[in-house]
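Worksheet for the structure shown next.
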Amino acid sequence: MAFPIKSLLVFLFLLNQLNCFSQINQNDLTQNVNDTTFVNLKEYSQDFVYDMKYATADNFLKSKVYDCAECYLRYKTVKALILANERFMKKGLKIKIFDCYRPLDIQKKMWAIVPNPEYVANPSKGSIHNRGGAVDITLVDFDGKELDMGTSFDFFGKEASHDFPDFSKEIKNNRNLLRKIMAKEHFNSFDSEWWHYNLKAGLKDTVSNFKWECK
Ligand SMILES: [Zn+2]
């Protein structure tokens with residue numbers, strides 16, 4: 001009977017090691033990381049839903065502009081977004097992500113496809129997405145069903161505006177909930193796009209062309 005007990009002890013030891021490992025890789029926001037360092041959101045939380053539209057051709061550009069779907073942001077943006085998501089989760093909801101940090105070269109690629117400042121930020125100025133402080137998001141329930149926000153992501157028209165008056169109470173409430181909780185974690189909304197949020201502390205960071213590796 002000695003062998004099974006030994007095996008059990010080895011198993012428990014490995015399980016413990018695995019636990020330690022996963023704790024280091026998830027939700028550990030106490031690491032000594034500089035606030036402006038670019039990090040991958042999924043390494044800090046498993047509680048987000050992803051639908052990275054620009055890593056597919058399912059977007060208004062009708063073009064796949066990212067080689068792979070990853071959500072990189074400055075560390076301070078990740079911390080604030082996780083705190084916002086925790087607030088939503090207490091209400092039975094989660095953040096679903098459409099876009100995060102966007103390298104300047106990708107911005108140039110988008111501008112080459114649609115060189116219209118009403119739809120794409122001019123890369124000569126760059127946007128907060130190029131600074132790692134902006135996210136495009138909506139809310140889903142724990143089954144992954146999106147809340148009705150009145151329009152789809154990247155709908156270009158007055159209906160995408162926070163102030164558009166002719167929506168049902170439910171849609172207005174959904175948008176207001178998103179805006180209210182994001183504001184609590186110091187994100188500014190953007191009047192003409194209900195899905196876009198800028199971290200206030202990220203507005204003055206430099207435009208970046210940092211690129212992540214696709215595995
Ligand atoms: Zn955006």
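For all residues, glycine too, the Cβ spot is worked out from N, Cα and C.
Per TrEMBL, the feature active site, proton donor/acceptor maps to GLU193. The Cβ of GLU193 (active site, proton donor/acceptor) lies under 8 Å from the Cβ of ASP136, ALA160, SER161, each of these being in the same chain and 6 or more residues away along the sequence.
According to TrEMBL, the Zn(2+) binding site annotation covers HIS129, ASP136, HIS196. Using a 10 Å radius centred on the Cβ of ASP136 (Zn(2+) binding site) and all shown protein chains, the other Cβ atoms total 23.
Look at TrEMBL and you will find 1-22 tagged as signal peptide.
The feature site 'Transition state stabilizer' is assigned by TrEMBL to ARG102. Within the same chain, residues at least 6 positions away in sequence whose Cβ sits under 8 Å from that of ARG102 (site 'Transition state stabilizer') are TYR54, SER127, HIS129, ASN130.
With a cut-off of 8 Å between CB atoms and residues at least 6 apart in sequence, the same chain places ALA134, VAL135, ASP136, SER189, PHE190 near HIS196 (Zn(2+) binding site), listed in sequence order. Those residues of the chain, other than HIS129, ASP136, HIS196, with a C-beta within 8 angstroms of the mean position of the Zn(2+) site C-beta atoms are PHE98, ASP99, SER127, ILE128, ALA134, VAL135, PHE190, GLU193, TRP195, TYR197.
Cβ neighbours within 10 Å of HIS129 (Zn(2+) binding site), excluding its own Cβ and spanning all shown chains: 24.
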